[in-house]
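Feature annotations, reproduced from TrEMBL:
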- 8: active site (ACT_SITE)
- 126: active site (ACT_SITE)
- 89, 90, 91, 92, 93, 94, 95, 96, 97, 98, 99: ATP binding site (BINDING)
- 65-121: domain 'GHMP kinase N-terminal' (DOMAIN)
- 206-258: domain 'GHMP kinase C-terminal' (DOMAIN)
Ligand SMILES: C[C@](O)(CO)[C@H](O)COP(=O)(O)OP(=O)(O)OC[C@H]1O[C@@H](n2ccc(N)nc2=O)[C@H](O)[C@@H]1O
Ligand SMILES: Nc1ncnc2c1ncn2[C@@H]1O[C@H](COP(=O)(O)OP(=O)(O)OP(=O)(O)O)[C@@H](O)[C@H]1O
């Protein structure tokens, strides 16, 4: 049994306030890529995890791995032999660990025939949105979600410069924590150009603090200058460039990868994503 763990992209990310526990209130338009990790499971007596794949080297294999944390969230966890095939960079702003945790919750719910446990937000603010990887508007601390049918499929290039960025550090560096939300009613965006034009009027409030930590983000945005719009996702350092067609995105990805062989570069189409495989 396996589940895909697609990359999440924050097309917008407005920080609108802060709760008394220090967590920030957000208003974000989120979509999912057709690139990601894969979690597989086989029945077994003990719960074990093996991490494979080109991006597996820097990912913890112990109990702190979010896949094992997800397994522990079940009321009566049993055994399973889990394999996480890692293709997304870690600490990259595209929800790698959160999407892995969500995939593990869906997978183990099927394997163990148990309901997906409540309270997945405890594993990470991005986990609930990754559980049902659709285009959605996310508010609160990541726990208030509403699917929105306003976007066409978006040809996109994702670029990460290979510099991990720790999310808590980025939030800590925010100087203004109360910013305006997105409009109450989001517009219907019928083509990639309209989507890019509207997203350009919105913000990622974490971009400034992330760039102070990882100046390489400036170089990534410059490399994406041929896109209709280039912005950072989440707390960085991954940036996305939006293109009119997949052919343009494929070509831009090829050129960026050739110029910067050390970077992680992927052409993708952002859209609703079917979770099961
Ligand atoms: C930036 C986003 O990726 C946008 O989707 C998420 O808000 C962060 O999601 P995440 O990485 O799953 O976050 P968590 O693992 O829950 O939190 C990491 C740290 O980020 C900060 N954090 C996170 C989410 C949030 N709404 N407010 C915060 O202040 C907290 O310091 C927290 O300790
Ligand atoms: N399955 C996992 N994959 C990647 N990192 C993991 C995983 N489990 C735990 N981690 C730890 O979580 C940290 C954050 O990684 P993750 O890929 O979730 O990044 P992120 O940038 O915080 O994502 P987000 O977009 O949700 O902010 C890593 O540095 C790593 O130590």
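Using N, Cα and C of the backbone, Cβ positions are placed for all residues, glycine too.
Spatially close to residue 99 (ATP binding site) yet at least six residues away along the chain are 5, 6, 7, 8, 36, 37, 88, 126, 130, 133, judged by Cβ distances under 8 angstroms. Taking the mean position of the Cβ atoms of 89, 90, 91, 92, 93, 94, 95, 96, 97, 98, 99 as the ATP site, the remaining residues of that chain whose Cβ falls within 8 Å of it are 7, 88, 234, 238. Note on the domain 'GHMP kinase N-terminal' (65-121): DSSP counts are 26 helix, 6 strand, 25 coil.
Residues of the domain 'GHMP kinase C-terminal' (206-258) grouped by DSSP class, helix first, strand second and coil last, total 28 helix, 8 strand, 17 coil. Filtering 89, 97, 126 by Cβ distance to ligand 1 (under 6 A) retains the following recorded positions: 126. Across the domain 'GHMP kinase C-terminal' (206-258), the prediction's mean pLDDT works out to 98.
Here the recorded positions are 8, 91, 93, 95, 97, and the one whose Cβ sees the fewest other Cβ atoms within 10 Å is 91. Taking a C-beta cut-off of under 8 Å and a sequence gap of six or more, residue 89 (ATP binding site) has these contacts in its own chain: 55, 96, 160, 162, 164, 238, 264.
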